[in-house]
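Marked as domain 'Amino acid transporter transmembrane' by TrEMBL: 20-67, 135-467. Taken from TrEMBL, the feature transmembrane segment applies to 12-33, 39-72, 141-160, 210-229, 241-258, 308-329, 349-378, 471-493.
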Amino acid sequence: MAGGITDTGELYSPYVGLVYMFNLIVGTGALTMPKAFATAGWLVSLVLLMFLGFMSYMTTTFVVEAMAAANAQLRWKRMEKRKEDDEDEDSSSGVSDSDVLLQDGYERAETRPILSVQRRGSPNIFEITERVEMGQMASMFFNKVGVNLFYFCIIIYLYGDLAIYAAAVPVSLMQVTCSATGNHSCSVGDGTKYNDTDKCWGPIRRIDAYRLYLAAFTLLLGPFTFFNVQKTKYLQIMTSLMRWIAFILMIILALIRISRGQAEGHPSVAQLSGIRNLFGVCVYSFMCQHSLPSLITPISKKKHVNKLVLLDYILILAFYSLLSFTAIYCFRNDTLMDMYTLNFTNCEIINVAFIRYFLGLFPVFTISTNFPIIAVTLRNNWKTLFHREGGTYPWVVDRIVFPAITLIPPVLVAFCTHDLESLVGITGAYAGNGIQYLIPAFLAYCSRKDTQLVFGSGTVNKHLSPFRHTFWIVFVLIWGFSCFVFVTANIVLSESKL
């Protein structure tokens, strides 16, 4: 959530933190990456994937730096508050001649740079011990317009997330159940193209089945938006285990088909028309910046945190490449599904019915557990955006209006379209671009300015990004704004051709 300062939570080792970050980043976006790879061509996809991975790593180090600066400012404010309280106590107890001399010495000490305080008594002033969420950092370092733009960006991103989740579950259920009945048995992954108007069961069309599942999904999980839910440790372990079993199974099954000479894929080297969606999918698939405070703060030893994050990104890059390359060489481009798991529901790929249904329904289990959590996070961000100091919301607004404006828009989007590749691509290309590139760059720039102003120009943030030169911040900002222009122009040109 993009809220304020929260408890650090139970500490864990750097390597446990590495696993948690890996699990956070590798999610729903990875399931749409094979189709995006096939659409854009393997060489363009690989180059763009590596470049966007590098850019994401850079902005991750910016966020870590801003977290350290925020922690330092919070410590300094507490020190200042303590001084004021001590001064009040001294003034109330009377002032002697010796007090006047001491006060004179104190005033001279006040003119020293704050760095001297750091050297004498607070060597770890930049240590990350408090979990300061991105929303609180925005409030500390941005002006009012910047804070509102931050919340606007993260709210749009969370709406996109919910729309993707709301579409992915009914799509998976429709594909599996419509293919398990009648003449379509075991044919979902055989390359047969179905229209939304094709029959599913009896008079029920596929699009009708999809909307029935969407209605059931909304009725079952929507009410959680009106309450508080949180992800338990055991639920996290279960979903992570299911995710890894599914990913490993898909990679192994694809490799087996390739080794037996049953590979059907002949991917092209480059197709520029597919870059727009690939860009959005890659940005979405590397997204972790908004959750870094929850991941980094509980790590017990943060001395080499940037190296640890770099290792994570290298592993994720290798994993995405392995998953996507095995997919595009195993399956023909025109048979790859938006949700890659659905390619393995064909009897010719795997004969074991349990594995077919496990992979086909895998998104249903994992996404269903995440949907209420994302919905509550979005609802709370709406509350924070409109909150005024000392004010409270009426019961109807708090319990009805905010949950309703959280739930209704993504369900309507999912009702109108189930094109997952486009949903992921647009969410990543716009809101994801802002959260992954623009906000971290502005946080790094503003936190550096504030740190110099408060602590003096000689102060060094122990978690300063390796990309400390201003050039890198400017480069990220130019890249982020250029991506907005490119994606928008691409959409306009594509629509004009139609």
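Cβ from N, Cα, C; glycine included.
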Candidates 12-33, 39-72, 210-229, 471-493; stretch with most C-beta pairs under 8 Å toward the transmembrane segment (141-160): 39-72
The transmembrane segment (39-72) touching the transmembrane segment (471-493) per 3+ Cβ pairs under 8 Å rule: yes
Criterion met for the transmembrane segment (39-72) and the transmembrane segment (308-329) (at least three Cβ pairs under 8 Å): yes
Long-range neighbours of the transmembrane segment (12-33), counting only residues six or more past its ends (CB under 8 A): 164-165, 168, 236, 240, 243, 247, 281-282, 284-288, 291, 295-296, 298-302, 304-305, 308-309, 311-312, 315-316, 319-320, 323-324, 338-341, 363, 366-367, 420-421, 424, 428
